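Novice: Pasting in a structure now, in C-alpha cells, and then I'll have a few things to ask.
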Amino acid sequence: MNGEWKSALRLQIEALAKRNELHRKSSVDEIKKRTVDMDKRIVKLRELVGSSANDAALFYLECVCHADETERLLNRGSSVGKEKKWKKVKRKTSSSVAPPLSRTISSLPGVSSPDVIQTIDVSALEDQTPQRPHWWDQFQLYRRTDLLRFSKQNDRRELWRTQKDFFLSCLGFMVGVGHTMRFPAKVYQHGGGVFFIPYLFSLIFFGLPLVFLHLSLGQYTGQAANTAFQRLMPIGSGVGWALVVIAIPVAVYYNIIVAWAIHYFFQSAKGLLLGDELPWETCRDEWQLDNRCCNLHNLHSCFNSTNSITAPEAFFHSEVLSLSTFGDFALGPLQSHLVLSLAAAWLLVFFGVFKGLGSIAQTMNVTATVPYLLLSILLLRGISLPGANKGLTFLFTVDSTKLWKWQIWKSAAEQVFYELGIDAGPLISMAAFSRYRNNIYRDSVLLVIMDALTSCLSGMVIFSFVGFIASESNSNVNDVLKHDPLYLSFTVYPGVTSFMYWGGLWATLFFGMLVLAAIDAEFAWLEMIASAFMNHFSMKNKAVENRLLAFLCLAGFFLGLPLCAQGGIFVFHAIENLNANWNSFSLALLSVAIVCYVYGIDNYLTDISAMLRVPRIQISKATRLKEKLIYFFGPGGIYIKFSLCFICPVILTVLLVASVLGYQRISFAGRPIPIDYEIVAWIVMIGPLLVVPLVAFMQIRQIRNEGKLLKSLFDTSEWRESQDDSLEPKDLYMRQSGKFESPPNRRRTPTIFTHRENTYMYIDSRGPTVRSRVFPLGASLDPYGWKAGRLRDRQQQIEETASNYSEEDSATTNSFMASTVKHNDDMELTLFGSPPAILGDDEKIMTTRFSESMPVNYKCRNVEVPRIPNKLPQNMERMARKTRKKRSSPSASDPPVPTSPLPPPPKLQHCRSEPPMMNSKESHSPEIITPGDDSPSISNSSDDSSDDCFRRATVIRRKTSDDDAFTHFSTATAESISITPLDFPRQRSLSSVAIYDQEQKNGRSKVLSQLKRPKPIDMPPK
C-alpha cells in the first residue's frame, strides 16, 4: 500500500515538473527566477519521497501553491491590464490545494489516518460562478499562453451529437444549387421528362453505390478522404488527396452563386420594405445589350420579334453581371455590389463553421429543412397560376426519340455527380464524425431518395412558373429562354413575382431559400478541407482549427474576386461546364478500382458488414424472405457488389471516353469564350488529377528510402486488424524440404470487433459502450457474475467434449469462482481479480467452487441462471471438504466414473452494454478453481455468518474457440466488474474495466491493466 502511495505521489511530481517547463518559456525575468526556484524544490521533493512520504506530501502542497502563483503572474502579464474573463479564485497560500489533488491524496491507501487528513487543509472557494462571456469570446482566438492551457482539453475528436445531425448535414450538402438551378436547366435543355430516365438510371446503378462507398469509407476509418485512402493502402493516398484538392476551386467558385442570391435577396427585401417595384419588372435605358428588352406586362408584342429577352434576363446580365454586350469578353473592373455580396457570403460561411460540428449541426438543422418548407409554399403558389399546367406537361412528357442521344446520358451522369457530391470527398469527411455502428447503408438509401424527390420538387416549382410566363407571352415553353438555361433561377422566377400580390415577399422567400440551400454545401466543402489538413498533421486543437477555417475563408474571398469582375461570368461559366466532368469520372473510376480490384470487393464488404453487424448470408430454399432481401439488396449484397464491380466501372469508362471524344469548345450566349478563360478552367478543374501520380511517386520514393519492398505500397495493416498474429512475417520456419524460407503471406482477415473497441470507455462508440442496464436483485451475487461473462458455448459442443476429459479436467470447465477476504471480523467477497497478493497474519483467503447442481431462482433473457445459496460460507466449506476427500482417497481398482454432461452456459446475445468479445471466433466459458492441497483451510466459524456484507466477487472466464471448446486452457482472461454497497439500492449495472490487447503473439490474450477502485464506503463522506 505504501508503494502505491509513493508511486502516485511521484506521478504528481512529474506532472508538476512538466508544468514548470511550460512556465519556463516565458520571457519575463520574474517568471524565470520562480522557475529556477521551482527546479530546486522539485529536486528536494524527489529526495523526500524516498525518506519521508508524509513530509514529501506536505512539501508538495507548497510547490503546488508556488506553481499556482507563477501561473497567476503569467496570466496577469498576458492580459495587459484588461479585466479577466472569469472571476479570480482566491486561495490561502499557506495551506491551499486544488480539489483534484485533495481527492487523489485522500483516496490513496495509507493516507486515511486522522492526523494526515488534518494537515491537508483545503480552503473553500469564495466564488466559483463564472461571468457571462463576451460575444467575441465565442471565436476562441486565444493567446499563446492560453493555448498552452487549453491544448490538452481540446485534444479530442468531435462526433455528431445525434445521428439526425449527421443525416441533415449530408442532406443539406446534397440539396442546393444542383437542384434549384442546375437540374431544371438540364431538363429544359434536353426536352423535358425524357431526362428523368437516364437520371434515375444513374442514381440507382452508380449514384447510390458511390454514396455508400464514400460514407462507409469515412465511417470505417473515422478520417477524411486523404487519410482514409492512406489507411486502405499507401498507393491509394493520391486519390484521397485529389478528392481534397479538387474541393478548393469548387468551394471558391461555388460561393459566387451564393453572392448572386444574396444580392437578389437584398433587392427583394428592399422592395418589400420600401414598397417600391422590383428592379427587374421594367427595362431600363442603360441596359445596352444585343437583344431587345421586353417589359413583363407587354410580353405578347415582345416575343413576336426576334432577338428579344425579358426584363429579368436583362437585369441579370446588365445589372448583376454588368455586361455591356454578349460579345465583350474583357475581364474588366470589379463590381462593388458583387464584392460586398461575396464578402457577406464568406462571413456567413465562417459563422457557420467556426464552432466546429456543433455550429454546423445547428446551422444545418435550419438550412436543410427550411428550403423544403419554402419550396412547398412556392409549389402551391406556382400550380395556382394560370398556365402552370403548360410547364408541368413539358416537365413530365417523355420524348423517346431523344433517349438514344449520348449527350443526354452524359448530362444525367454529370448531374448525379454534381448533386450527390461524389465528385469530391465531403461525404467521407462528414461520415468520419459519425458513430462506428451507425447504419450507414440506410442513410445512403434515404439520402438518394430525398435527392431524387428534391429534384422533382424543384423542377415542378420552376416549370410551373415557366408555364405561366409562356402562357402570358403566348409562346411555347421552349421559346421562353433565349440564353443559357443554366441561370434559369435568376431569369425566370424573378419575372413571375411581378404578377403576384406581395411579389416582394415571394421573391424574398425564394432567394432566401436559395441562399440557405446553397450555403450549407459550402460548410461541408470547407470543413472537409480543414479536417484533411488537421488529420494529416495530427492536430486536434480547436483554436488551431478555427484559425485555419478563418484563413480558408479569407483566402476563398480573395481567390473569388476575379469572378466579381465584369467578365468574371465567363470564367465561372467555363469552370461550371468542366466541373463534374472528366475529373469526377476519373477520380470515381480510380476509387472503385482501388477498393474493388486492388483491395478486393469481398474483403471490403466483409469489413463493412462487420462494422454494421450484418452477416453475409448464403441463401437456400429454406431462407426466409427477409434474409433473401438482405442477400440481394443489403449492404454486402449482390446489388452493391455487382454495381461497384461491374456496372460502375463500365459506365464510368464509357462516360470518360465519350467526354474526351465529344469535347467541344465552351460557349456563352452562342459565342465561344476566349481560350484564356478555358485554359484557366482546365488548370483549375483537371489539375487536381495530377495529384494522384505525384503522391504515388512520393510513396514509392519513401518506400525505397526505408528499404522496404514495393509490395508494401499495397499494405492494408492500418486498415484492419489481423486475427492470427501467431506467425510473425520475419520469422523463419522449416518446411518439409528442410530449407529455411520466408513464411507464406497470410491475408489479413477482419475481426468482428476492432482492437480499439476493447479499450475502456472508448468515447467514439466504436464497439460496445459501457451503458447502464438494470438487473433484478436476487438473493445472491451470482447473477451478476454470470451476466458479466460472455458465455456463448453451445450444448452440443459441451456434450461432445466433456466425456473426453478426466474428472479433474471437467471440474475446471463450467463454474463460478469467488474469493473472500477476512479482515479481522469483517468478511468481504472480492468481485474483482485474483485474491490480494499481500495479506497480513490476520487475513485468510477462501476460494471455493460452486457445484453444477445449484438451484435456479430466476431467468435472465430466458436463460436460467444458477443461484448461490444464502449461506455461502457453509456451502463453500461443504463443497471444499468433498473435493479434498475425493482427491485424497483415489483407488486404482475403482472403475472410472462416467462424466455427466455439463449444463450449457447461458447464451447471451451481444449488446452494447456488455463487454466485447476478444474476436469473432472466440467465446468464453467459466472455469472452476478448486482449492488444492496447498490451499488454506476454510473454517466454519461464527464470523462467517449470512449477515456479512459481501462487497466483491471475481469472475474468471476461459477463452475457447468454436472448433475446440476446451483445449486451450492455458489462455485465461479475467474481466472485472464492480459492485459497492451503494450500488444495490441504486441497482447499478456491471461495467467492464478490463483492457485487452489483441496484438499479442501466439494468440494469447492478457490483461494489460485493471482499474482499481478505492475501498468501498457505506455512506457518502461528510
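Using N, Cα and C of the backbone, Cβ positions are placed for all residues, glycine too.
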Novice: So, N581 and S667, same side of the membrane or not, per Swiss-Prot?
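Specialist: S667 and N581, as annotated in Swiss-Prot, occupy the same side of the membrane (identical topological domain).
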Novice: Over the span of the topological domain 'Extracellular' (186-192), how high is the average pLDDT in this prediction?
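Specialist: Mean model confidence (pLDDT) across the topological domain 'Extracellular' (186-192) is 88.
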Novice: With pairs fewer than 6 apart in sequence excluded, do the transmembrane segment (585-605) and the transmembrane segment (413-433) have three or more C-beta pairs that lie under 8 Å?
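Specialist: These two stretches do touch.
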Novice: Same chain only, please: residues at least 6 beyond the ends of the transmembrane segment (551-571) with a C-beta under 8 Å from a C-beta of the stretch. Say none if there are none.
Specialist: 251-253, 255-256, 259, 321-323, 328-335, 338-339, 342-343, 346-347, 349-350, 526, 529-530, 668, 673-674, 677, 680-681
Novice: Counting Cβ pairs closer than 8 Å, which of 193-213, 338-358, 360-380, 499-519, 585-605 has the most of them with the transmembrane segment (678-698)?
Specialist: 585-605
Novice: Determine which residues of the chain contact the transmembrane segment (499-519) at the Cβ level, with the cut-off under 8 Å and only residues 6 or more beyond its ends counted.
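Specialist: Answer is 172, 175-177, 179-181, 254, 257-258, 261-262, 264-265, 268-269, 271-272, 278, 296, 345, 348-349, 352, 366-367, 370-371, 374-375, 377-378, 381, 385, 468, 472, 489, 493.
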Novice: Can we call the transmembrane segment (585-605) and the transmembrane segment (360-380) in contact, meaning three or more C-beta pairs below 8 angstroms at a sequence separation of 6+?
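Specialist: Counting Cβ pairs under 8 Å (6 or more apart in sequence), the transmembrane segment (585-605) does not reach the transmembrane segment (360-380), since there are fewer than 3.
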Novice: Which listed stretch (193-213, 242-262, 445-465, 642-662) has the most C-beta pairs under 8 A with the transmembrane segment (360-380)?
Specialist: 445-465
Novice: Could you give the number of helix, strand and coil residues in the topological domain 'Cytoplasmic' (606-641) as assigned by DSSP?
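Specialist: The composition, in the requested order, is 20 helix, 0 strand, 16 coil.
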